[in-house]
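Copied from TrEMBL, the annotated features are:
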DOMAIN    165-491  domain 'Peptidase M50'
TRANSMEM  6-26  transmembrane segment
TRANSMEM  67-89  transmembrane segment
TRANSMEM  154-174  transmembrane segment
TRANSMEM  186-207  transmembrane segment
TRANSMEM  227-252  transmembrane segment
TRANSMEM  458-479  transmembrane segment
TRANSMEM  485-502  transmembrane segment
TRANSMEM  509-528  transmembrane segment
Amino acid sequence: MVALWVIGSVVWLAVYLVFQTLDSFVQGRWSLWLRTHSIQVTKGCVIWSLKLAVPTLKTWCKIHRRVLRLFFQLGSIVGVMACCILMLGLVITGITMYLIFVSCVVTQSIFWRLDPWQLANKFPLISSFKKLLMEVTNALLFHLMKWLKLDPELPLTVSWLLCWVGLLVILPFHELGHAITAYVEGIGVEKVGLFLAFYIPGMFVTIEESLLDLNTKSRLRIVCAGFWFNLLLCLLSLVVVFLLPLLVAPFFRQQMTVSGFISTGQESSRLLNCFSIGDGLVSVNNREIRKLDDIKEVIRELTSETFVGICLNKNNITSSKWFRPFHMCCPGLSSDSWQVEESVWKCFVQSSFFNTGYPNAVCISEEWLETQEVALGFCEDKLVDDQYFVPYTGTGGRLVSLKRWIPSEQNYHQTVLVTSPDALLHSVKWTEYVPRISPWWLYKFLIVWNPIGKFEQFFRILFILSAFIGISNMAPVWRMDGEDVFSWLLTYFPLPMTHLEYLQKRKRWLGYFSFLFILSFVLFFILMDLNN
């Protein structure tokens, strides 16, 4: 990621230098032509601005001025509260980084690699603080990501494209809030600008200088309007995400369906033989599957100590062609050097073996295994001649019964195989939405492309980006909306001070908070590594 960013920045600067060189050969005529079209090119970005004249919007704001003022007044209250919370958060960031620095200097090691016992003996307070950091980070970062169902295996190009398009939606929405509030307060908007800084889009609006003549409440309403609109966009994104199954119900239905495969060795080839693109997954080990969370829950159960097994008649083990002695496929139970990966036989051991250590094991043919039914924990009492066998854990596999819907055959298939539980996630690509009625070629195309899944993912990313941009803008740092909020809050500081003292105090504190704001990103990556 960092390498991609550096390469992109170098390419950007190289293009800028080439443009400047060629422009100098034509005596700046290219730059002059761009300026006549309100475009400015600098080292870091390209800026395009134009005058904003929307009489219909201005008239609408005047008509509904009273209601809009109450609406944006609520936004200013929430914005001031957010600014105060962020100030507290930045102070905590400074204290945290100081404790990390002290513990690293004294112990001469990295904070998040410290031995917990060593840290507890030398710094009991810091040890407790580190534990609190881990819990808070896990709650805020990982539980939030799990709740939003972000796909960590989403291709990098698709993620960047969704983020880029999301910014093109969020930024106009943010600036629209400033513009509407300015019209409500009777202030004109001179121009609106769009810029591209190292491939990252940005936007701004320029408000008339008469803004300085407004009272504090009116100015706060204008400054906090962008943050308020970001929160509304977050709410809108959540509504779309939760109502999406209902919105697309006339055309799509929810069913876990195979949309592709990821080659990860033998386990992926095993599932490749079992599944085809377009096949639906109905159940795993008799548990109904409706969404991706159901598959993850089944995987957690499969990797636990409760193994899924199969009931075998002890008389058939020695007589049937589907069984072989255990030394052919059971690594660790036999001294023979049999290549398990190339074998069509799977190692099963009697469940009592895990308690007694007696190797009552057998090799079972995959072909025969696919036709059987699984048993959960034990065999029925009426099967007196049956013994309960489970896959040998030395092979890393679990017994999985898959019920599939084959759309080309319009029929269900049941398959039992031994595979790694994680292969269901890491070797198969899934989609949760399939078209109700369509030709087979269109059905398969929509499953592979997964438009509804990408649409849902876009609104999840939109929620995160909108929340991040809105909250960050309320931070009391340079070039943010929170800078003006903090400046106006500083005028109510209880100690009397002259205008010069106010400017010095404002500059000093904004510098402190800007530095802590940068440190907060460093702390973020430290906490991410702390939880890994």
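Positions of Cβ are set from backbone N, Cα and C atoms, glycine also.
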Recorded stretch that, among 67-89, 186-207, 227-252, 458-479, has the most CB pairs under 8 Å to the transmembrane segment (154-174): 458-479
Two-stretch contact, the transmembrane segment (227-252) and the transmembrane segment (458-479), at least three Cβ pairs under 8 Å: yes
Chain residues outside the transmembrane segment (67-89) and at least six past its termini with a C-beta under 8 angstroms from it: 61, 177, 180-181, 184, 217, 220-221, 223-225, 227-228, 231, 471, 474-476, 481-482, 485-486, 489, 513, 520
Mean of pLDDT values spanning the domain 'Peptidase M50' (165-491): 78
